[in-house]
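Heads up: the structure comes next, in structure tokens.
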């Protein structure tokens with residue numbers, strides 16, 4: 001459905017307000033998608049909040065691995081909250097508009113949390129490498145100070161890239177149409193509405209994707225190659241199984257996240273399809289955020305024990321009110 005932008009411009013040079021494309025003209029399809037996304041959103045918020053709370057309140061989980069996991073859980077909460085509420089509103093309401101400033105803000109937080117997640121996943125892979133390949137030096141090389149620095153660098157990198165990319169894109173003029181063919185203010189669909197030559201912006205997005213998505217991924221791959229070599233020479237079968245089980249959850253999360261984001265941002269422009277991009281965006285914003293707490297707690301006895309303790313404590317507090 002096309003939207004007339006004439007009332008949405010302060011002058012003839014640039015659109016001041018955008019609208020998200022309608023998912024479907026059939027109300028039933030929109031309501032079904034709304035229900036599914038809302039359920040995934042609530043599961044994601046609940047699961048990530050419980051994991052972050054369990055790690056903070058359980059002394060047994062005050063280790064580097066769980067420190068990064070707590071950061072990842074808090075990040076997932078921010079990631080989903082920056083995108084999904086507006087997405088839900090657009091699915092069931094005619095109020096699908098968003099101001100230029102609101103769109104820029106949403107894009108910044110989306111990039112900020114996305115790049116930070118790439119860096120945190122790399123930091124978690126490095127932590128696993130140090131724990132398995134250099135266990136005697138693990139305590140000193142992965143001290144609290146080192147872990148804090150890795151987390152600060154991860155969050156700082158996300159902030160810098162988010163500010164740079166958002167400012168670069170919204171320094172452009174948007175002459176219309178004003179309809180974003182997407183669920184939220186993602187980079188490619190917003191850039192498609194800009195006036196004039198956007199080749200420099202597209203190149204900047206690709207370079208940022210290579211540096212901030214592909215580079216951490218290479219670090220993850222190199223860490224796991226060394227881990228695999230170390231595991232294969234372990235004399236104990238039990239030791240090999242324990243090492244692989246520790247890494248399996250992180251590997252699955254990396255595969256889910258990097259698979260969808262790489263397919264979105266590292267594909268040639270000619271291969272982009274709005275429908276495919278929407279499905280991929282839905283996957284890495286809603287589905288992976290919902291699955292992460294399930295993946296990390298399903299086969300982890302320490303996390304499950306901490307979660308049971310946290311839930312039982314909450315029940316006691318409720319009963320004593």
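Backbone N, Cα and C atoms are what each Cβ position is placed from, and that goes for glycine too.
According to TrEMBL, the domain 'G-protein coupled receptors family 1 profile' annotation covers 47-296.
The transmembrane segment feature in TrEMBL is assigned to 31-54 (among others).
What TrEMBL records for 66-88 (among others) is transmembrane segment. Nonlocal intrachain contacts for the transmembrane segment (66-88), taken as residues 6+ away from its ends with a CB within less than 8 angstroms of a stretch CB, comprise 20, 34, 37-38, 41, 44-45, 48-49, 51-52, 55-56, 98, 106, 109-110, 113-114, 116-117, 120-121, 123-124, 127, 147, 150-151, 154, 183-184, 285-286, 289, 292-293, 296, 302-303.
Residues or ranges marked as transmembrane segment by TrEMBL: 108-126 (among others).
What TrEMBL records for 146-164 (among others) is transmembrane segment. Outside the transmembrane segment (146-164), and at least 6 residues removed from its termini, the chain residues within Cβ reach (under 8 Å) are 64, 67-68, 71, 107-117, 119-120, 123, 126-127, 208, 212.
According to TrEMBL, the transmembrane segment annotation covers 203-231 (among others).
If you look up TrEMBL, you'll see 243-259 (among others) marked as transmembrane segment. Long-range contacts of the transmembrane segment (243-259) within the same chain, counting only residues at least 6 positions beyond its ends with a Cβ under 8 Å from a Cβ of the stretch, are 65, 117-118, 121, 124-125, 128, 131-132, 213, 217, 220, 224, 227, 230-231, 234, 283-284, 287-288, 291-292, 295-296, 298-300.
According to TrEMBL, the transmembrane segment annotation covers 279-298 (among others).
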Select the range from 31-54, 108-126, 203-231 that forms the most Cβ-Cβ pairs under 8 Å with the transmembrane segment (279-298).
31-54
Quick test of the contact rule: Cβ under 8 Å, at least six residues beyond the ends. What residues does that give for the transmembrane segment (203-231)?
115, 118-119, 121-122, 125-126, 128-129, 132-133, 157, 161, 164-165, 168, 187-188, 191, 240, 243-244, 247, 251, 254, 258, 261-262, 265-266
